[in-house]
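J.: Okay, handing you the structure first.
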Amino acid sequence: MARLLFRLLQEANSTSPAEASPPFNSDLVLILAVLLCALTCIIGLIAVSRCAWLRRIASRNRSDQTHPPPVAAANKGLKKKVLRSLPKLTYSPDSPPAEKLVECAICLTEFAAGDELRVLPQCGHGFHVSCIDTWLGSHSSCPSCRQILVVTRCHKCGGLPGSSSSGPEPDTRIKQREDGPDNLP
């Protein structure tokens, strides 16, 4: 094998100048080939990234039209079924659970006799039904104390507790609140 290479080199050196091709620099050819490959790769990457960018914009436009943007879970609000399950009561200034309820912290209006109130079970704060329903539609916490509102399901049936205005739950929570902050559940 070495002899064959040696003979080829001798024949290449012994060729006449008239028959020899014009000299060229092999380093220049190698540099041009590398640059051509790099240019092809760069153009390919640009094409792929542009396609990905256009697909992302198209999917974002489609999702904006069909779905609202995602919101953090804490500020998502409560479902209407859960809102309806929260207890209501009719305000009467002389009734025991309503003695500490003076005004709605949302609209800042004093409660009048006959106003329909919703008392939050976790903290015992009371608000006008329309005010608190609007608030809880976009928030899941009490507007006064910011306590997260958690409605527990019935252990027997798995459903939400009924919304009765005469249930013991709101009265008990309000009475505990009247006794002092140390007695809160």
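Quick reminder: no glycine exception, Cβ is built from N, Cα and C everywhere.
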J.: Between 61-103, 104-146, I'd like to know which one Swiss-Prot lists as zinc finger.
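T.: That would be 104-146, the stretch labelled zinc finger in Swiss-Prot.
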J.: In the same chain, who gets a Cβ under 8 Å from the transmembrane segment (28-48) while lying at least 6 residues past its ends?
T.: none
J.: Need one number: mean pLDDT over the zinc finger (104-146).
T.: 87
